[in-house]
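Colleague: What follows is a structure written as structure tokens; I'll ask about it next.
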Amino acid sequence: MMAFCALRKALPCRPENPFSSRCFVEILWVSLALVFLLPMPSDACDEPPKFESMRPQFLNTTYRPGDRVEYECRPGFQPMVPALPTFSVCQDDNTWSPLQEACRRKACSNLPDPLNGQVSYPNGDMLFGSKAQFTCNTGFYIIGAETVYCQVSGNVMAWSEPSPLCEKILCKPPGEIPNGKYTNSHKDVFEYNEVVTYSCLSSTGPDEFSLVGESSLFCIGKDEWSSDPPECKVVKCPYPVVPNGEIVSGFGSKFYYKAEVVFKCNAGFTLHGRDTIVCGANSTWEPEMPQCIKDSKPTDPPATPGPSHPGPPSPSDASPPKDAESLDGGIIAAIVVGVLAAIAVIAGGVYFFHHKYNKKRSK
């Protein structure tokens, strides 16, 4: 009834004649439109279920109860054993059944360990999508892919790359340096972990060469040494002088590479900086030279006056004792009382004399 009233308001029909032919036609059209727009109960299933291991062989646009969809295993998968249904049927309640995977992953072939190396399987198996990792023994390096994956190659299962090789680690000579040499310099190839040691030649000048850097190098990888070759050069730092200080350790007339000197300050001075310095590779002292700074003189505190011994006090300076102060107060009070009493006596005498005199005159 409410819908009918709404339609009456919406349609340009005369209120007094809602069932005219024109109004009836318009109501019919609106009703048909509502029928088509409102969702209708369906007797068809949705799209067939999707599986990781299977895919539909054929797809239709609609599926009614009883329709059946056949599945096949995807590449890299094969039917399970024992076999499970590889189809699904649209049921009367518009659902699909059965809903289960019916295929399993295929496996790649087992990989042998490379010579002087090993292979491992992080996923715990060699199934489709799994990976294998290769490592080489100490002193060997890998040539090829360290990680390979089990995948589909055409119609067969195969690993993504061929197995790598493990080759022995060898190093080329580390190189000559000016004013220096290294052990076993006659060799063209050095094996893994083999060491060479550098040293400096004797100088023809007044100062000896210093070896700056690592003296021993190790072959740690294919043509890779543990560090760059060192240098042989003259490193000489100037004589260290700290004003108001002195050297307590590291005395010498010349100070070469890594020479160490320790300072202390004279009495009345404080050391600012490090007390120990070292001659660096650039012929400079490291860290910076310390300084001896004069101690600041402490400010004398104000003198505290001590006990004094003055002479006998003058009468004007002497303070009266407390007893004297009390005595003076008592005397003043007595004087005041005495004066008042005398005034009272005199007043009484005057009154008595005046009264007696007036009495005699009256007689």
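In case you wondered, yes, glycine gets a Cβ from its N, Cα and C as well.
As listed in Swiss-Prot for this protein:
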SIGNAL    1-44  signal peptide
TOPO_DOM  45-329  topological domain 'Extracellular'
DOMAIN    45-105  domain 'Sushi 1'
CARBOHYD  Asn60  N-linked glycosylation site
CARBOHYD  Thr86  O-linked glycosylation site
DOMAIN    106-168  domain 'Sushi 2'
DOMAIN    169-234  domain 'Sushi 3'
CARBOHYD  Ser296  O-linked glycosylation site
CARBOHYD  Thr299  O-linked glycosylation site
COMPBIAS  299-315  compositional bias 'Pro residues'
CARBOHYD  Thr304  O-linked glycosylation site
CARBOHYD  Ser308  O-linked glycosylation site
CARBOHYD  Ser314  O-linked glycosylation site
CARBOHYD  Ser316  O-linked glycosylation site
CARBOHYD  Ser319  O-linked glycosylation site
TRANSMEM  330-350  transmembrane segment
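Buried or exposed, and what's around them? Tell me for each listed feature.
Modeller: Across the domain 'Sushi 1' (45-105), DSSP classifies residues as 0 helix, 23 strand, 38 coil.
Less than 8 angstroms from the CB of Thr86 (O-linked glycosylation site) sit Met54, Glu70, Tyr71, Glu72, Cys73, Pro79, Ala102, Cys103, each of them six or more residues away in the same chain.
The C-beta environment of Ser296 (O-linked glycosylation site), restricted to residues of the same chain at least 6 apart in sequence and closer than 8 Å, is empty.
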Colleague: Please give me the CB contact count at 10 A for Asn60 (N-linked glycosylation site), counting all chains in the structure.
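Modeller: Looking across every protein chain shown, the total is 11.
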